[in-house]
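Chemist: Have a look at the structure that comes next, please.
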């Protein structure tokens, strides 16, 4: 996979990007072709390559008279093979005989490694080579030593010869500069052509999208976020248990891990019997994943590839299983499912499986005076003083949806299924949804907020991706517990090891996860009695300013228990609907 960063912080002008790169070139670290060793001088680096890995780049270049472009292709070819086949060139010394097809294949003019300083130091290596030739032939020293013992005419002849050598070296240097300029223009045409027009017409949107994309991938580069996810037992053990308990699904199969992070799911798949695992991530974390895989002796099974799944080509045509932990807050925040669907359409073999295979978004209601006092209304009374300026801004009546762990005893209503997503058939467009809902108060309570959460299912067959409708619509609590007593035991939809179906919930009735729940505070609490219903419509779609964020709208009304049958049957008018907008960002 080739990575080219179009911009560090938006749609910079092309000249600024190239100039910045050239300014930094003198101090740039150049990475070895075969290992992590770096150097600031190309001659020093290639001497390391020769001594450590047995490939004499300088000698090869001279022997086969490789021009500037062919030298570029050699570097990019080796780097590409190293990305796709870890250990490439290390088991046996890499050699070429001058007849290789890649030497004339223009795909290897495309940089294989982002900001590869070595490519732009090859012109410096050309000058070093010429200097070396002078030293080896003794031409530079010969006129000086000969001057004392030769006649004036002989000395003049030698001066003319030196002048001719200088002219020739000047021409060769100019040729190298021109080659570099041509290469720079080629890259510019190939990778930036058309982007200027897009930038001119959609500059603001372009900047926002590029910056948000960079921020998204960079946010997964550090250790802390991965530790948080790995320590989420519900999440990590949910994937592990499904793969280990479904060995027949993974044994002998080729698996693709989209957004591999530390590589944990890839290693689960390998241990479950996968014959090959392709692990993809576009964050710096993939370098640590590569080390993790090697440390656990799985580098013979797992191949790690850096890049966006939308752009790269895999070392295989088809995979049998796609695993990915793509879920965000309220399931769809971060929009990573879109990338999984792209991977499915590009690489999943017919009859293949996605893990998880389906997902479900639910809505209920909570009564939580403590949350309202400590999180929503705190600034109304701070030791007897009002501090309204400290409240989060609310523009155009749009509230920020909150993400927090909700105590199960605050849940005061049944749940409604807002959307069910079959990962085998869903499209990116279908992930924006609108759903009517009805939830019923399970006790007398002042309802302060609506609450969203999600479940995911792991099936062994994609044509049966999740539980049946009856199971999905069942109450989350088992038995007929008295609402005045302790909360009843949660129902065990996802607790049947002997079943071909597995999964987990992020709801308040389950063990807390790092996804928590999503809270939609109501502008005015609803005073509900047991049996009353909240009827409404829930709309969710990607934000127009940042597609990884969500814009949500909830319209709802309160229907008394005595009127609900007539109202829900359409035999009585609905009360006036209230509408609230939220953002999840």
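All positions are counted from 1 along the displayed chain.
Yeah, the Cβs are placed from backbone N, Cα and C, and that goes for glycine too.
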Chemist: Pick from 59-81, 82-104, 105-127, 128-150: which range has region 'Disordered' per TrEMBL?
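Modeler: From TrEMBL, the annotated region 'Disordered' range turns out to be 128-150.
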Chemist: For the feature coiled coil as recorded in TrEMBL, pick the matching range from 152-179, 180-207.
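Modeler: Feature coiled coil in TrEMBL: residues 152-179.
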Chemist: Please average pLDDT over the domain 'Protein arginine N-methyltransferase' (360-462) for the predicted structure.
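Modeler: That region's mean pLDDT is 92.
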Chemist: Is it possible to list how many residues within the domain 'Protein arginine N-methyltransferase' (360-462) are helical, extended or coil according to DSSP?
Modeler: 20 helix, 49 strand, 34 coil
Chemist: DSSP-wise, what's the residue breakdown of the domain 'Methyltransferase' (255-352) into helix, strand and coil?
Modeler: 30 helix, 27 strand, 41 coil
